[in-house]
Amino acid sequence: MRCYRKGIIIPFTLLLAAITEASDMPSCAIQCLKSGIEGSTCTLTNTSCICADAALQTNLTACVQTNCTIKESLTTANATGAMCHNPIRNKSEVITVTNSVFGGLAVIATLIRSLEFRKHFGFEDVFVILGLLFSVAMGILEFLMVDAGYGRDIWTISFSNITLVLKYNWVVEMLYIGAIASIKLALLNLYLHIFPNFGLRNAIYIVMGIVVAYFFAFFFGICFNCLPVSYIWTSWTGETKGSCLDFNKFGIACAVINIVLDVTVMALPLHEIMKLNLRPMKKILVMLMFCTGFFITIVSIIRLKSVVTFAHTANATYDYVPVAYWSLIESYTAVICVSMPAIRRQFNRLLYACFGIPDSHQDASAPYDRSRSLQYPTSSNNLSIGRNIKASSSQEPLSRRDSDGVELVNVDVYFDKRT
């Protein structure tokens, strides 16, 4: 988030009624006002005329951009806005509501998931917790950003708070990369516990490597986007020196690659799910559960649109708000999505405990068994319907470590327990 003199749009529809009322305006802006009035039909005492004269506004904007510093330009914008009683725009409430609602749901989903930690705690659980921690840290910082003025027009925020918002945003961007990478790794580890297919597992490991590379490349790219690093949050003043990567192109590349990875991760298991020995309706339900993850991809695409918009704005504290709340929605929703199997299991047990309604596939009162097997349709290699996967040779079937399983919709998908 960087502001440059060339791009600052100053609302000169809000000009002072007279030079005497402009004592808080920088001298460069007062001179621009004097010069503009001389070529206008308005008088210094006619505020409504000054504010309504489009040609005068254009000339004054160009003059201030040329003759004033960035801080003087912002001061002028704020002073004229106050004098002409321009309403202060504020979109921070969207961030607050989004943060509270989606953050609360993500925490609840993880707490429900944690009820199974005593029976099983794997790498997928580690990555879910990491994803939640990154997301919650993002949310806390965005609350602090709102408190500093984030969501309002940049010229209404104090200079120190502009710097503070940019510094917080720098950290938020790194946390965002950590959150989305962690959830992708959690989902990929979950796939390893469900599907024994060699080809699919190899593909999963390859995608894992790409996700890890994505994390390190963009995490450190954001961290050291400018040299010195402090230039990231001080460059807006035009008073410091440093060099930066093209942050806008960098952000767009990060968002595009994230979308590609989202689609890849969610599409990986669909072919194997189609091969499961399930009734058509159950198969559709299982696929729909996996496809809920595509909602995250849709959010990522919407976020990309906001990033592209941000690339062409100088009012960063106001225009960048959609990127902030879509980032929160994406990371929190991802945490919820990867916890859905555990949520359903606990919901079934609650139904059984309260109303005696058993799971349609197994006794809901029974402890969660992670040692059953995946069921595939019969074929010519001596596999039988409804039975555990066992080859006719003496070789043991491929299974994940310690045999694990995940219950999806109305079916449990399990692997053989290695003996």
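Positions of Cβ are set from backbone N, Cα and C atoms, glycine also.
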- Task: Return the single candidate from Cys3, Cys51, Cys63, Cys68 listed in TrEMBL as disulfide-linked to Cys32.
- Result: Cys63
- Who are the chain neighbours of the transmembrane segment (127-150) in space, where the CB to CB distance is under 8 Å and they lie at least 6 residues beyond its ends? 92, 95-96, 99, 103, 106-107, 110, 113, 156-158, 161-162, 164-165, 168-169, 171-172, 175-176, 178-180, 182-183, 185-186, 189, 317, 321, 324, 327-328, 331-332, 334-335, 338-339
- Query: Is it the case that the transmembrane segment (324-343) and the transmembrane segment (170-192) have 3 or more CB pairs under 8 Å, with pairs at least 6 apart in sequence?
  - Reply: yes
- Task: Please work out the number of neighbouring Cβ atoms within 10 Å of the Cβ of Cys63 (disulfide bond), leaving out its own Cβ.
- Result: 18
- What are the non-local neighbours of Cys49 (disulfide bond), defined as same-chain residues 6+ apart in sequence with CB under 8 A from its CB? Ser40, Thr41, Cys42, Thr43
- Item | Same-chain residue ranges lying at least 6 outside the transmembrane segment (204-230) that approach it to Cβ under 8 Å | 170, 173-174, 177-178, 181, 184-185, 188, 191-192, 240, 242-245, 247, 250, 254, 257-258, 261, 264-265, 268
- Task: Work through the disulfide-bonded residues one by one (Cys32, Cys63, Cys68) and name whichever has its CA nearest to the CA of Cys84 (disulfide bond).
- Result: Cys32
- Message: Are there any residues at least 6 positions away along the chain from Cys32 (disulfide bond) with a Cβ closer than 8 Å to its Cβ? List them or say none.
- Response: Leu60, Cys63, Val64, Asn67, Cys68
